[in-house]
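Undergrad: I have a structure I would like to understand better, so I am pasting it below and will then ask my questions one at a time.
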Amino acid sequence: MAEETQVLVRFVTKLPAHLRVPETPVAVPSDLKRYGLSQIINHLLALDPPRPFDFLIDGELVRKSLEQHLLAHNLSAESTLEVEYVPAVVPPQQKNSTPHDDWVSSVDGSRCTPASSSGGTPNGVVVSGSYDGLLRLWNGDLEAMASVSAHSGGVNCVRFLPKSQGDLLMTSGKDRLVKMWQLESSEEEDAGPSCRLVATYRAHEDGVEAVAASPSGRRFASCGWDGKLLVWEGGRAVAEAAEAEAAAGTAEASKKKRKTGGANGSAPAGSGGLTITEPSADLRGHLHCVSSVVWPAENSLFSGGWDHSVRRWDVSSGAAADTYNGSKAVLCIASHAAAPALVAFGCSDRALRLWDTRGKPGSDALAVSTQGAHGGWVTAVAWCPSSQHHIASGSHDGTIKLWDIRTQIPLGTLSHHTDKVLALGWLGGAEAGHARGLVSGGADCQLRMYESDYIVS
């Protein structure tokens with residue numbers, strides 16, 4: 001019988017002190033994979049119940065045995081391997097689903113804290129947009145709280161502005177419009193919030209596919225089928241201007257009413273919010289539909305389009321600072337504020353790709369890599385707000401996949417949708433500091449919520 005080969009391993013971690021093991025090298029069997037290594041850490045820490053861990057060697061997630069890793073990287077079996085352990089990301093489980101009257105085209109769960117992280121009681125609100133033109137508000141159990149007719153022809157995108165701007169929400173639609181809404185709480189007990197139109201933005205000549213707010217929330221970008229990528233002023237300043245105009249209109253209407261006796265049911269001027277027709281910038285370069293936009297740093301945003309390109313824009317100059325030209329349409333895009341040079345995008349060739357705009361050291365080539373693939377168009381991608389390493393993608397194949405960008409093997413696949421996945425978002429935004437789940441929508445006319453017992457970090 002062949003003698004078992006062993007490898008010297010030094011376990012290190014950045015976790016709190018109570019989750020650290022001694023860094024003295026220990027001999028472990030070379031055929032151990034992640035599960036066996038996780039058992040060792042749980043034994044050394046005497047954890048009850050046990051917790052799953054993942055392991056990194058030189059920044060790469062371990063997905064083979066230690067022996068296979070040594071061979072693949074031409075390392076000596078006599079060397080001491082430094083292995084970092086981190087909490088494993090366990091794919092969330094579906095908690096709730098609720099039907100819509102039409103396809104669910106967009107979702108935002110950044111203002112919702114699931115029950116698993118709030119003492120058993122879900123908090124906040126989830127918003128969804130649908131092809132029936134309605135903007136809907138849901139509580140953390142996906143119980144309907146309110147709806148409003150937002151766009152004729154269908155809603156394409158719904159996005160909250162950062163909390164620093166208050167409870168403001170952007171929508172865009174097939175009617176060529178972008179709208180900003182104020183979420184308002186009801187004074188009546190047990191009554192849910194409502195939406196009030198603050199401003200309407202008119203400059204697009206075709207359906208507006210997506211909107212994205214700057215990190216400050218004072219500006220946002222919109223893009224659409226007319227090939228335009230426009231930058232607008234938004235946020236609290238516009239909301240306050242709308243309130244001032246509405247107040248002035250109410251005063252003027254009161255004067256006229258006193259003079260003429262008024263008319264029943266007349267609405268004060270400004271009751272529909274401001275109308276804004278002049279964007280602050282027009283970023284030109286795309287040759288076809290601009291399908292997606294993300295704004296990770298105040299002076300830098302990314303856009304993707306049906307002209308097969310992803311472009312990084314210098315917002316101050318209005319020029320494209322970098323361009324990636326692929327071979328298939330770019331359908332969705334995501335980035336993380338803590339890593340604004342890195343962008344993930346999904347394409348019609350079923351691939352999920354990463355682009356590091358810092359490039360490869362010593363090379364003029366663009367650092368674009370294929371993270372993984374689906375069985376259909378990749379139509380939704382969302383970067384975890386509490387982790388630079390984790391993203392989720394959704395596809396026309398009806399699945400959602402969870403990824404760690406340090407490995408090309410998906411962490412898990414969710415197959416609950418019975419038709420195309422069109423929309424995807426994490427529960428809890430950057431301000432929450434953690435994410436424990438996802439919310440998704442699709443062509444099966446279902447809004448679905450998934451939760452995990454573990455924080456993604």
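Each residue, glycine too, has its Cβ placed from N, Cα and C.
Annotations per TrEMBL:
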{"type": "DOMAIN", "residues": "7-70", "note": "domain 'NLE'"}
{"type": "REGION", "residues": "92-123", "note": "region 'Disordered'"}
{"type": "REGION", "residues": "246-277", "note": "region 'Disordered'"}
{"type": "REPEAT", "residues": "148-191", "note": "repeat 'WD'"}
{"type": "REPEAT", "residues": "201-233", "note": "repeat 'WD'"}
{"type": "REPEAT", "residues": "283-323", "note": "repeat 'WD'"}
{"type": "REPEAT", "residues": "371-413", "note": "repeat 'WD'"}
Undergrad: Counting by DSSP, what is the helix, strand and coil composition of the repeat 'WD' (283-323)?
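TA: Output for the repeat 'WD' (283-323) reads 0 helix, 25 strand, 16 coil.
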Undergrad: Six or more residues beyond either end and a Cβ under 8 Å away: which residues meet both conditions relative to the repeat 'WD' (148-191)?
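TA: For the repeat 'WD' (148-191), the list is 102, 105-108, 110-111, 125, 127-135, 137, 197-202, 204-213, 215-218, 220, 222, 224, 232, 234-236, 238-239, 273, 429-431.
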Undergrad: Which bits of the chain, at least 6 residues beyond where the repeat 'WD' (371-413) starts or stops, bring a Cβ under 8 A of a Cβ in it?
TA: 54, 56, 59-61, 63, 89-91, 110, 331-336, 338-339, 342, 344-348, 350-354, 419-426, 428-430, 432-435, 438, 440, 442, 444, 455-457
